[in-house]
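Engineer: This is the feature table in TrEMBL:
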type	residues	note
TRANSMEM	12-37	transmembrane segment
TRANSMEM	43-62	transmembrane segment
TRANSMEM	69-85	transmembrane segment
DOMAIN	69-348	domain 'Integral membrane protein YccS N-terminal'
TRANSMEM	91-110	transmembrane segment
TRANSMEM	139-159	transmembrane segment
DOMAIN	414-535	domain 'Integral membrane bound transporter'
TRANSMEM	450-468	transmembrane segment
TRANSMEM	488-511	transmembrane segment
Amino acid sequence: MRYSVEIKKFLYSQYFYGGLRIAVGVSLPAVICLLLFHEQELGFTIATGALGACVVDMPGPLKYKHNEMLACSVIGFLSALATGIATVNPVALWCTVVPLTFVLSLIVVYGNRWPQISFATLFMMIMTLEEHFTPMQALVNAAWILAGGLWYTYWSTLVSRWQMHRIEQQALAESVFACADYLLARSDFYDLDNDLDECYRNLVAKQIAAVERQDAARDIVLRNLPKLKTGKLEPRRAMLFNLFINTVDLHELFVGAHTDYPMVRNTFGGSDMLTFYRDLIRKAAADLEEIGLAVLQNQPPRSRINVKAELRAIEFEIELMRKHDMPAKNPEAYSAVSATFRRIWSATRLIDKMRKSLSSEARTTETELRLDQALSRFVSSRRVPFGQIFSNLTMASPSFRHALRVTIAVAVGFWLGRLLPLTNAYWIVMTTVIILKPGYSLTKQRNGQRIIGTLIGCAASIALMVFVKEPHILLVVMFASMVMSYSLLLFNYTASVVFTSAYVLLMFHLLAPGSMRIIGERAIDTVVGCAIAIAASHLFPYWEYRLMGKLVNNMIGATRQYLEASWWWSGKPVAVATAVVTEAGARAPAAAMADPAGSFGGAGFGGANFGAAALASAGAGAGATVSVNANANARLKPADPAGDTAAKTTPAATAAAVALERDYRYRLARKNVHVAFANLGQAFQRMMLEPKAAQRFVPELNDLLVRSHVLASQITAAAPLLRTSAQQQENVSLQPLQRVLSVVRDTLTEAEAGNAAPADQAEQTKQLSRELDTMVVEAEKSADYPADAVHELKLLAHQCKQMLAAANQIRKDASVIRLPDE
């Protein structure tokens with residue numbers, strides 16, 4: 001690991017910038033109240049509101065973040081007011097806190113940032129528990145908490161708007177880094193010292209991370225599209241838009257570079273070819289990391305990493321194979337390495353393109369894709385269905401069970417806090433609320449991290465208090481700890497807790513010097529709160545497997561739709577409903593495909609009347625990208641209706657619209673399959689942290705994840721080849737391809753239904769493989785079939801065989817898996 005690079009990545013990242021923004025926004029009101037007005041209590045109260053609002057201040061679109069922080073501040077005000085009024089009487093306090101905790105915990109049903117809003121409002125409620133207010137004092141206290149929340153909301157909004165371009169850069173850089181990590185995971189397959197099963201597990205984890213980062217970048221970039229100013233596109237935003245498209249293009253190229261690794265290892269294990277591939281991919285990953293750093297630092301990238309030696313070495317090895325007639329002796333192995341080489345070569349070209357676009361001093365005037373309002377289809381809606389909370393008032397709802405657990409845990413923690421002789425008994429309740437999450441696995445994970453982090457933080461605080469007597473130094477350390485606490489929160493929770501404990505204890509020490517008791521109480525409160533949380537997590541458990549049945553079907557359905565979109569993109573006529581082309585495509589039922597016996601390169605397109613409205617959020621890879629000149633197609637001003645209609649009636653305009661629509665539908669289906677895969681992968685990871693008794697079908701689900709990724713990779717690799725094959729001469733029948741694709745689609749349909757494979761599946765697979773081989777032989781014998789087209793047809797036949805094998809295994813796994821479909 002290059003520690004200097006990792007430090008740079010952190011210091012320029014959205015996490016550090018966010019931590020600095022939060023630390024200043026939270027501490028500034030308290031400092032002003034303390035230094036200017038000498039109002040310590042008032043500063044603490046305002047900081048409480050700011051602390052609550054900052055919980056929701058996470059990377060994302062500014063518009064929604066503002067609304068979410070505003071909602072958090074208002075709900076927090078109401079919860080603090082209700083709790084403050086109830087403090088006049090212990091019975092009233094209990095009657096208020098218990099139902100209020102339940103309601104505030106139940107709002108997690110709304111998803112998105114509502115779990116953070118739930119915690120933040122519970123935090124504001126808990127901070128009021130230990131006080132004794134009159135109704136007027138309760139109103140004043142809640143008003144100051146609201147003021148703190150509003151202050152932080154508009155402080156964060158102002159800073160974020162000022163740094164909008166910087167935030168986009170940081171989100172894109174994270175996506176680039178995740179893509180580089182995925183490349184490194186790919187390179188491990190070519191190292192014979194690495195276990196293949198471990199390589200697959202690592203690859204699945206990196207794929208999930210890459211999809212998450214792309215989704216986060218998509219959410220920001222596509223909500224802040226380049227706009228026309230004085231007739232030209234905003235150069236900076238156009239450059240970032242293009243960079244995002246290229247990053248997802250690159251990810252797709254390496255996803256499509258998947259091959260039969262056991263066969264490749266067995267065939268070429270004794271040669272240098274695997275070493276060349278490994279080094280080539282690792283160099284490409286390092287080059288991509290440099291590009292990400294350049295984006296983060298807002299600088300041109302450094303000199304490129306040269307990969308010519310590896311490319312030429314692999315090309316030489318492939319040429320030797322050709323001379324030794326390997327395409328005839330071992331066509332499967334030859335197709336595997338040659339197809340991978342083509343994809344990686346295209347990827348290196350795309351990396352060079354990204355580097356040049358960042359290095360160029362010329363202002364960007366073109367976008368990789370047409371800008372269209374239909375981009376909204378590719379970002380998630382954040383509308384809140386408020387009535388949804390009532391439909392979740394049942395034990396069948398995971399959110400309802402979570403709310404019950406939190407309510408019971410808060411009640412027990414509050415009772416113990418009153419019972420034990422502690423200065424800040426509310427810390428027990430706070431620890432419990434922090435640790436308790438809707439899922440058992442995350443609660444268990446946070447519990448251990450919280451205890452370890454708190455103990456280390458307490459020990460570090462004691463050392464600082466003993467050896468550092470200068471208050472100004474302690475103040476600087478406290479602020480630095482505060483910054484690091486919020487910076488590390490999203491990706492290193494244990495370290496974040498260490499710094500949180502340090503800055504809280506240092507703050508109390510500075511306010512009341514000489515008291516070491518508070519440190520011991522902090523440790524005791526944490527241990528007690530953790531014990532309550534872990535005990536409560538076993539109440540009304542809703543194990544992860546109960547949610548995975550739907551995710552499995554979503555994954556299989558999204559893969560089937562991706563296959564259909566790839567087939568239709570190649571020119572195969574498919575009847576498609578407009579409603580399918582939405583972000584929910586991964587979950588919606590797919591339209592039936594046309595008769596596979598029809599002409600593969602037919603001119604009719606059942607979906608051609610869509611209109612080129614939908615626009616994908618990512619590119620389609622080398623040979624598949626439809627780049628559209630901004631000057632010709634990205635004009636955002638309204639077009640003349642009459643002229644527009646006339647243009648659409650021309651054959652050229654119709655053909656362009658059809659081609660664009662095919663590409664858009666393919667891109668959206670690809671995005672959906674990646675999202676569905678990430679959702680299932682995350683659920684599987686959470687299930688593996690649960691007790692053994694709560695884990696179901698672990699081998700089958702693990703294999704399903706691997707096979708689904710393999711199948712999606714094969715579809716990605718086959719898509720441009722399908723498009724090319726559809727344009728070839730029809731003197732060679734391509735119906736075997738159609739039959740294989742139809743069988744793969746039907747197999748996935750049966751897998752969704754959980755139906756077992758027929759007894760003759762193996763024989764059917766062999767027959768289809770023989771038909772593909774016969775098709776290739778006929779193409780080789782045909783004098784009218786170009787040599788390059790024959791080679792591509794061989795690659796396509798190889799990809800189809802791999803798709804068929806993966807689909808069969810998916811059906812086998814799905815027929816065994818029996819999970820609730822809730």
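Even glycines carry a Cβ here, placed using N, Cα and C.
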Engineer: Decide whether the stretches the transmembrane segment (12-37) and the transmembrane segment (139-159) have at least 3 CB pairs under 8 angstroms, with pairs required to be 6 or more apart in sequence.
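Structural biologist: The transmembrane segment (139-159) and the transmembrane segment (12-37): touching, yes.
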Engineer: Using a Cβ cut-off of under 8 Å, list the residues of the same chain at least 6 residues beyond the transmembrane segment (69-85) that approach it.
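Structural biologist: Apart from its flanks, the transmembrane segment (69-85) reaches 49, 52-53, 55-57, 93, 96-97, 100, 104, 116-117, 120-125, 127-129, 131, 133, 135, 137-139, 141-143, 145-146, 149-150, 152-153, 156-157.
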Engineer: Using DSSP, how many residues in the domain 'Integral membrane bound transporter' (414-535) fall into helix, strand and coil?
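Structural biologist: Helix, strand, coil within the domain 'Integral membrane bound transporter' (414-535): 100 helix, 0 strand, 22 coil.
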Engineer: Hey, which bits of the same chain come close to the transmembrane segment (139-159), Cβ under 8 Å, at least six residues off its ends?
Structural biologist: 21-22, 24-26, 28-29, 42, 45-54, 57, 62, 65-66, 69-70, 72-74, 76-78, 80-81, 84, 124, 127-128, 131, 133
